[in-house]
Amino acid sequence: MASPTDTPSLAAPAAPAAPVANSSSTTTSAHARSLPGAVLLSLDGGGVRGISTLLVLKHVMARVAELEQHAKTNMSPDPRKPKDYFDLAGGTSTGGLIALMLFRLDMNVDTVIRHYDELAAKVFSPTIGPIEIHRWPLGYYIGNGWLKLKKVVGLSGFSGNRLEQAIDTVTSTVSSELASNKGDTPLQGGPGQYGKMLMCATVADKGETMLFRSYAVPPDSKPQSETAKSINHASITIKQACRATSAAPTYLPPMDIGGVEYWDGGLLNNNPVDQVWDARFDLDAAQEQVTRPDGSVEVKYKDPRVLVMLSLGTGICDTKVKRAWYNPMRYIVKLTPEVLTTAGRVLGFSTNTQAKHWDFKVNTIRRNERLDGDERAKTHYFRLNPEVSKEINLDDYKQMKILKKDTEDWLEENGIKANPDEPVPPGEKYDIERLARLLAKTKKLVTESKEGARQDAAGSRSDSAVEVK
């Protein structure tokens, strides 16, 4: 989607601002984005196809680094971490696992890709007991036949234990805190200690969306069913949340947490953009604590300014609405052709991420038009979903090399860079360039500590900050 406003150019740094009157203090500087507002990230579900999501995000963050180096605001050669640029991320299934690794576990994209390749092979290798069938001669074909047989008789194709083992392996490499408890570490971290992220799951017997967060449940959260109200979110572990968001029917068994059974979030939110958008009120900028006359504290909310809403898909073959990537009904009940066709269409729409994208895009355009020309208050919505050459099942990790090549080819055509000192040309092929310019921290924030000096908090988005144009 084209940006609603012109994206700023990133010319050479301007001359330093004049010192504040009556101040002899030394000026120090930090850096922030060129425009104010929160930045949100939504990550689709899609099994092994999540590798496409990661490659696109890697490309975006690499361009952000180039723009910051050009503006001389951050000359570090290290890969940029999405956690340092996005205020909140949310994902479903594979998108939830990616959000966890990037935000709760504080990884850069390259590190997540390395773990992701290993995790996909671990989770989606068909097994008989401890034996991985794909290791046999002709094991790929034998294993796929075995999976189809298990689904026909109503069994899950893969073991939830193998996903839990993979999560333990990933978490053990992160920090000393996680090395001891691994996946049994609570998902919720200390205030400000980790990037804010959430995972979508589904309460199985209620068909109700459940969000597992890396931060405390907001005080205005209103679960509908008694089952959902009984959940103790503070005790939920990383491993439990990962299993719940990934429990796709016919692929992985449901996850039981404290007597509550969960299916994966893709049943209701395969594209979680609406859930992430609503979670903008969980940001500190949207909340204000007001002390009542009796001394109690009330939280009041205001609609925060959202600069960027980025939605990342897992690849699409064409623009048509296809049947669901998984349709548990065809393995559970026998339907007439007419009913089966109708059910397939309904489930196809429910899991089709592009349909959710088009709805959100239209609603964003309407929201922006209601602002009566206030360009700085508008939200820049981007949907990046690479076109791929073939439809790949969410469990077919052996086909990830095809996804990688298709995504790289798509980025060659749709990740075109522009001269940083010039405005971004129009067209969708420059959307990644447009996005990267909005994310890059190319504004200098002045902080002075002596009395009488102006003080702009590092990392704030004050309009009084000195912009590096």
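Note: Cβ is positioned from N, Cα and C throughout, glycine not excepted.
Within the listed segments 45-50, 81-86, 267-272, 393-398, TrEMBL records motif 'GXGXXG' for the stretch 45-50. Here TrEMBL gives region 'Disordered' for one range in the set 350-373, 446-469: that range is 446-469. Cross-referencing 1-29, 146-174, 175-203, 291-319 with TrEMBL places the feature region 'Disordered' at 1-29. Range annotated as motif 'GXSXG' by TrEMBL, chosen from 76-80, 91-95: 91-95. DSSP classifies Ser93 (active site, nucleophile) as coil under the three-state reduction.
Its Cβ taken as reference, Asp264 (active site, proton acceptor) is surrounded by 30 other Cβ atoms within 10 Å in the chains shown. Under DSSP, the residues of the motif 'GXGXXG' (45-50) split into helix, strand and coil as follows: 4 helix, 0 strand, 2 coil. Non-local contacts of Ser93 (active site, nucleophile) by the CB criterion (under 8 A, 6+ apart in sequence, same chain) comprise Gly45, Gly46, Gly47, Thr245, Ser246, Ala248, Asp264, Gly265, Gly266, Asn270.
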